[in-house]
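As annotated by TrEMBL, active site, proton donor applies to His552. Residues or ranges marked as active site, proton acceptor by TrEMBL: His595. Sequence annotations record features per position, and here TrEMBL assigns FAD binding site to Val242. Taken from TrEMBL, the feature domain 'Glucose-methanol-choline oxidoreductase N-terminal' applies to 283-297.
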Amino acid sequence: MWPFGSSYPERTPEDVDGKIYDYVIHLGGAAGCVLASRLSEDPTVSVLLLEKGFVKDNLFSRIPLLSQNPMMSGLQVVKHLSQMPSALNRKLSLFWAEALGGSTRINAMLLTRGPPGNYNEWSQDLGLKDWGWESVEPYFRKSENAIGHPDAEYRGHQGPVETRQPAYPFSFHPFIEIAARRLGLPVHDDCNDPDASAQGYFRLDQAIDSNGRRISAYKAWLSKETAIARASHLTVCTGVTVSRLEIDTKSRKVIGVQMRRRGQTDKGECYVQARREVVLCAGAIGTPLILMRSGIGPKDHLQQLGIPIVEESSAVGNNLMDHVAVPIMSRVPARDTIHSLYNPLVFIWQFILWLFFGRGLLSTSSTSSTIFARTTAIDDTTMQVQTSCNGKDALDSTQPQNAPDIEIMIIPVESYFDVYITEHSLLTWLCTLVQPFSRGHIRLTTTNPEHPPEITHPLLRDERDFPPMRKAIRFALRLGQEFAHSGYPHPAPLVYGPGMDLEYLDQRLGFTKLLPKQQRKIGGTTELPKWQDLSDEAIDEYTKRAYQSALHYACTCRMSLDASDGVVDQKLRVFGINGLRIADASVFPKIPSAHTMAPTMMVAERCADFIKETWREK
């Protein structure tokens, strides 16, 4: 470990085998780190955190920009390929990190809460009265230290997650603001301001410290200093695969956890007991898998695998939601993009700036600004944002009907997963559905916890998602065209998107294999048609080739008022099972219009308080 080595107090499964803890938490991602930290504030209780990955805090895991690259070795990234129903025989790449801190070790570090209307929908439309904006807002503030907004009363200033707004690293940002204003978008400095417009062009807060280093959940909540100071009552056990929960069938209480060293067979099983509660924080993919291996899940699926049924729960693993992204790209000068780092001299200079001064391109997220909008408030014929819709204010962020259903992320690099386009320097307008209708599901393939799951991803499986995606793409094309005529002092043609040479695109994305003499070179050099001239069919053909996951998996153990269509109640307790809660993105009843790190931490903060209240009363 750089520079002097790590003495983080990591323990092995054998170290904890046979022991009893008040609370057992699995895993240590965005939620698990929060929960372990909050519960271990009380020195009179014992807390065990089980994590499949390791700390592995190295140089590259600290560099904000580089650690966003899931292809980089040493970041403990898992890549899962999900087969998609398509004539192109597409496989969808899904990524997550198995490390202390989870995917906060590789994400874009963006702290976005989502508008109040998202949570008011949970409360008003879904009946979850304890989860409206007024109930959740204090917990967003509790986690953060908004350095970039020191005087904002609606932001937190005492939490462990520092957020900043680094200086814009490229010259194009003021011109995008001009283009956004021309399309009727309000411009805001803080998308977490509850009084900001529901739609707008927003500067983003990034979880980066004063030295220009990534702040992951591990760094914020369970740093080496914290783990050492609490070592008497907080145990962090890494390299663990949890096999199943041990449930007493008479009391219907979770009494312990069966586990093994990662990669070992079941001959190396270890066991820990939970005196009070077990909390699952394994995320929208991992949590339902653990429940199903423990006999909690859809009856037919468990019977197929020969798993004894402890609690039939048809909602476990269902209702998988994710944000859907389609990139549109403009060609701009290399010095205005991350492509500039392909120049070795530029990279060395930027590395020196980061290493010695905590500054420069490497010290920021790839995404400094974004656009949130509601497609029903965008005029079909002009792509202009309207301030009212059906006679009602379209900008009031407290109203559920105004919650953005699209996001256009501004990313100064090519944004096709698994493909590097090095011959062009590109600026991406990443069109993202943030309130999709499509749902997927998670299933076990075997009872072996080391075997990968079957993930039926929800991307564009519901026909209702195509109209808002088409509008998002047309809006992004209009925005890109406005940007090119905004006074930006360089040519900026739109070159990757609907209307481009699909044979060339199929070749670049690996759908077709052509001999060198057959390869087409015109893609990425010819400007796209105007947005007005594109048919729905042309947009759909491009979308089916270019869509990807935004890696915001959620809702597979959704919160509900009863067990008929949910897995946990409003206190995050699993229906029908005692001593078991879930605190991660899987409990979202519906995915918010936000990057999911902050909402996940909010859920974990609330869960910690629920647990403390329960045992204070007892």
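Placed from the backbone N, Cα and C atoms, the Cβ positions cover glycine too.
The DSSP secondary structure for His595 (active site, proton acceptor) is coil. In sequence order, His26, Leu50, Lys52, Val257, Gln258, Met259, Ala282, Ile290, Pro449 are the residues near the residue listed as 'FAD binding site', counting only same-chain partners six or more apart with C-beta under 8 A. Close to the residue listed as 'active site, proton acceptor' in the fold, though at least 6 residues off in sequence, lie Asn107, Ala108, Leu110, Leu111, Thr112, His552, each with a CB less than 8 Å from its CB.
Sorting the domain 'Glucose-methanol-choline oxidoreductase N-terminal' (283-297) by DSSP state (H, G, I as helix; E, B as strand; all else coil) yields 11 helix, 2 strand, 2 coil.
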